[in-house]
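Asker: Relevant sequence annotations retrieved from TrEMBL are reproduced here:
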{"type": "TRANSMEM", "residues": "77-97", "note": "transmembrane segment"}
{"type": "TRANSMEM", "residues": "117-137", "note": "transmembrane segment"}
{"type": "TRANSMEM", "residues": "144-163", "note": "transmembrane segment"}
{"type": "TRANSMEM", "residues": "169-194", "note": "transmembrane segment"}
{"type": "TRANSMEM", "residues": "271-290", "note": "transmembrane segment"}
{"type": "TRANSMEM", "residues": "322-339", "note": "transmembrane segment"}
{"type": "TRANSMEM", "residues": "359-383", "note": "transmembrane segment"}
{"type": "TRANSMEM", "residues": "390-413", "note": "transmembrane segment"}
{"type": "TRANSMEM", "residues": "419-439", "note": "transmembrane segment"}
{"type": "TRANSMEM", "residues": "482-501", "note": "transmembrane segment"}
């Protein structure tokens, strides 16, 4: 009798425990779709909250108990600021040459292809090294990954600042741009991981938006800083240099007096020194005060172990829904990112707009995009979903803005500079706003696959699109008008892709268990007693 009673009690206990942890049970180790089904089915199941989290795996089952308490540290805003500053200056260093291409081509006797190659190194290094840096983020942690990125950025800007002489500078600039490009993968793909590690669920999309939009803010800053430090030869010395300069003209710098050529070379090197000094300061800050994670996690999912790197990669390869979303993001943002670095040659050839004006167009459109990203990310955090519908609205609006730019470029409608500003600002505002939403929708749908590899794969698709786009520009005589048409196609194709995508919130559903059981997330410094 006693033996039977003990056996019955044990069976009851096991069944109860299985009910409590069903959300992370047998289906969680298979794929995100099965995981989501189990999650929704057991969403209101009672959850035992005793002690720190433990994730025990055996075969195809996992057992999890949830932490009593989570803390959102004030330090998270400093970490976000430091990461964002790195993203800004990495993007500014990458886009050094587009805003000053007129002057650089004359001083160094470069062609459009030479300028495009300097920009293209970021895409090349991203495609070739992205998976390695994804592994570093997911396996080695956020501190080592961010420190590595800061170090590579410092090395790259340092090589560009070497005093090799005006005739050898093309070698130092290309080598430096390779290292600058190697700093980009972590800073482009890292925002969702940073927000997951440091921020509570209701702030994650906003944190992702801030960190991811800073890359585009950096591109905008390069259009502001570059022309202010390196002056436009055509504007200052129309009598010396013809504004009709093209690649067909030979050694254009021979018509520039040596003293004047040296003056502009000094301005270019001054820009290199400014970027080097800022990147050196950021490297020191990251080394001194950038921890891998907070002492206490901010959410349930922040402390749950993700799929290992290889298993997560295999899940992504098999998921058709992931590739639908990835291609939508890769086409739209890869082309926009490359297009925004080529504003000077595009608008100079099609509309005769000069370097300083295109610089201000780049600044304002990227600032508008940053504002748009923060605004719509806040909407996602407030609504807790509806990301697909919001993306379709943004991509539809961006398509119309691109058509406006095309009509102006072909002069199918009356052209004026105010209309060009308005069209580019609208395009930047809408398309940049999609970035954090794409990121969050990807990691939500693929959870429990790690954030690093999920984001890195879609960023690789982004960079691959940009690589092809810029490489075509390197072909002599290819022109620039086609670049606006490709930009339009890249956002228009998102609409059918997003229409067939099935939105899921696997990660958010796990974190909602915490709110339903009323275990609050507190700010550091408040009473943290259970």
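Numbers run from 1 along the shown chain.
Placed from the backbone N, Cα and C atoms, the Cβ positions cover glycine too.
Unlike curated entries, TrEMBL annotations are predicted automatically.
Note that the structure is a prediction, hence the values are computed from the model and not measured.
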Asker: Compare 117-137, 271-290, 359-383, 482-501 by their Cβ pairs under 8 Å to the transmembrane segment (144-163) and return the stretch that comes out on top.
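Answerer: Per the Cβ under 8 Å count, 271-290.
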Asker: Let me spell it out: take the transmembrane segment (482-501), skip the flanking residues so only those 6+ beyond its ends count, and list any with a Cβ under 8 Å from a Cβ in it.
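Answerer: Distal contacts: 321, 324-325, 327-328, 331-332, 334-336, 339, 342, 346, 350, 388, 391-392, 395-396, 398-399, 402-403, 405-406, 409, 427, 431, 465, 469, 472-473.
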Asker: Do any residues of this chain, six or more beyond the ends of the transmembrane segment (117-137), have a C-beta under 8 angstroms from a C-beta of it, and if so which?
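Answerer: Same-chain residues near the transmembrane segment (117-137) but 6 or more away: 94-98, 144-145, 148-149, 173-174, 177-178, 180-182, 184-186, 188-190, 193, 309, 338, 341-342, 452-453, 456-457, 459-460, 463-464, 466-467, 470-471, 474.
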Asker: Have the transmembrane segment (271-290) and the transmembrane segment (77-97) got at least three CB pairs under 8 Å, pairs 6 or more apart in sequence?
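Answerer: Between the transmembrane segment (77-97) and the transmembrane segment (271-290), which are separate recorded stretches, there is contact, as judged by 3 or more close Cβ pairs.
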Asker: Give the nonlocal contacts of the transmembrane segment (77-97) in its own chain as ranges (CB under 8 Å, at least six residues past its ends).
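Answerer: Long-range Cβ neighbours of the transmembrane segment (77-97): 104, 115, 118-119, 122, 146, 149-150, 153, 156-157, 177, 180-181, 183-184, 187-188, 190-191, 194, 198-199, 207, 210-212, 214-219, 221-223, 225-226, 271-272, 275, 278-279, 282, 285-286, 289-291, 340-341.
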